């Protein structure tokens with residue numbers, strides 16, 4: 001499907017409230033300096049309006065707003081204010097450094113809030129809206145009014161509140177689904193009817209601010225756009241009060257991917273989405289779940305064999321957007337118990353192995369057996385499987401025993417030779433590895449001069465394995481080999497045998513020795 005939109009496509013304004021509503025999420029508070037760092041990222045992301053804070057609530061918020069105002073000159077910087085004169089005056093003062101300031105005033109309108117929170121009548125609410133929007137407009141030309149709990153407000157009264165706010169000078173009307181109560185059909189109809197019927201609606205921007213209590217924040221925001229909203233309020237990673245807000249990464253990519261359907265776009269620089277998401281995760285210490293849309297670790301990961309096979313044929317079979325479009329480097333083929341042979345073979349090719357049919361079959365059988373022991377198979381695991389497959393033509397490690405003999409070590413190794421016979425040898429050395437390599441040299445008849453030897457861990461947690469890497473010389477020629485095992489001494493033996501077996505195969509085939517590197 002064609003997801004592109006023309007240059008004449010209408011544009012939605014993205015109002016990011018990560019630094020205000022998002023920060024209200026428990027555990028997500030930020031210092032003024034952290035807010036400035038996040039605001040810079042939102043600016044680079046292309047956000048149109050950044051809600052910077054609630055100045056009347058704290059000195060910290062006032063400081064953060066002033067810092068952002070001095071530095072960020074492109075986006076509109078908004079601050080939240082209750083319908084109180086002192087709040088509005090404080091907010092206006094906090095915005096004095098901003099190049100493009102916006103005062104965002106709000107008042108509850110639903111019967112539940114009027115009765116139990118405000119203790120105000122309809123008439124008192126209307127009077128307060130008129131008075132405080134007028135006051136705000138006296139300070140700043142760009143004024144947004146939010147009818148808190150709009151989706152639980154009687155629609156006739158909501159229409160009257162909207163009319164009064166527009167008449168008083170509001171330039172944006174926000175109709176929030178404050179508690180995530182509404183449904184897409186309801187909010188689409190609400191926006192459509194109010195925009196069609198309220199006097200002056202054609203002179204302002206209508207905005208949606210949807211919470212995620214029922215998991216519908218993005219769906220409701222999209223429906224509001226269908227109903228005529230031209231601003232969406234959202235947060236990075238969907239953080240916010242309770243279950244959070246409409247997620248910026250989800251709403252913007254929905255509009256981009258389904259551009260032919262919505263025929264509306266945003267100015268978001270989508271390749272910066274993932275880095276912005278990860279920055280927020282670091283700042284507030286709240287990681288997103290792996291299956292989070294767009295920015296989760298599994299968003300572009302495929303393990304199912306059927307899905308992997310389709311992806312190898314054409315990525316569009318199981319991906320509706322490119323990972324590069326949102327800032328991921330590429331899709332991930334996660335190798336695990338659900339993976340098929342095609343994905344394993346493709347990954348082996350990427351690691352540099354060109355296998356015959358029988359070799360692929362053997363490695364895949366070993367791969368499936370390994371999947372019964374651990375959840376994910378890494379590249380190092382595949383390399384270890386390749387080692388097992390390739391050494392079958394040469395010596396194989398049957399057993400080994402390492403023991404201390406005073407200040408020295410003793411190694412006993414038992415190998416299976418290419419004909420299947422058992423060969424056992426012992427050797428002493430200055431340490432377990434020195435003794436081990438001496439015993440292997442005696443058993444195989446191959447003499448190797450060790451240049452370097454390294455060990456490190458590969459994999460994660462209980463699935464971690466030890467990898468041994470060595471560089472050796474034989475007849476003046478350098479060789480490299482690796483071995484992987486749960487036991488690091490065994491990994492060292494496998495690395496040594498990797499080189500020895502290749503040397504023996506070269507000797508049998510009459511291959512002239514030269515520098516070679518093995519990944520096994």
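Quick reminder: no glycine exception, Cβ is built from N, Cα and C everywhere.
What Swiss-Prot annotates here:
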| type | residues | note |
| --- | --- | --- |
| BINDING | 21, 209, 211, 245 | Mn(2+) binding site |
| DOMAIN | 12-274 | domain 'Pyruvate carboxyltransferase' |
| REGION | 396-520 | region 'Regulatory domain' |
## Note on the structure
Within 8 Å of the Cβ centroid of 21, 209, 211, 245, the other same-chain residues by Cβ around the recorded Mn(2+) site are 17, 176, 178, 210, 212, 217, 233, 234, 235, 240, 241, 244, 246
### Query
Would you say which of the binding-site residues 209, 211 has the most Cβ atoms within 10 Å of its own Cβ?
209
### Message
For the domain 'Pyruvate carboxyltransferase' (12-274), what's the mean pLDDT in this predicted model?
### Response
97
### Task
Could you give me the DSSP helix, strand and coil counts for the region 'Regulatory domain' (396-520)?
38 helix, 58 strand, 29 coil
### Query
When DSSP states are folded down to helix, strand and coil, where does residue 21 (Mn(2+) binding site) land?
coil
### Summary
The number of other Cβ atoms within 10 Å of the Cβ of residue 245 (Mn(2+) binding site), counted over all protein chains shown, is 32
### Task
Using Cβ-Cβ distances, find the residues under 8 Å from residue 21 (Mn(2+) binding site) that belong to the same chain and are at least 6 apart in sequence, listing them in sequence order.
51, 233, 235, 240, 241, 245
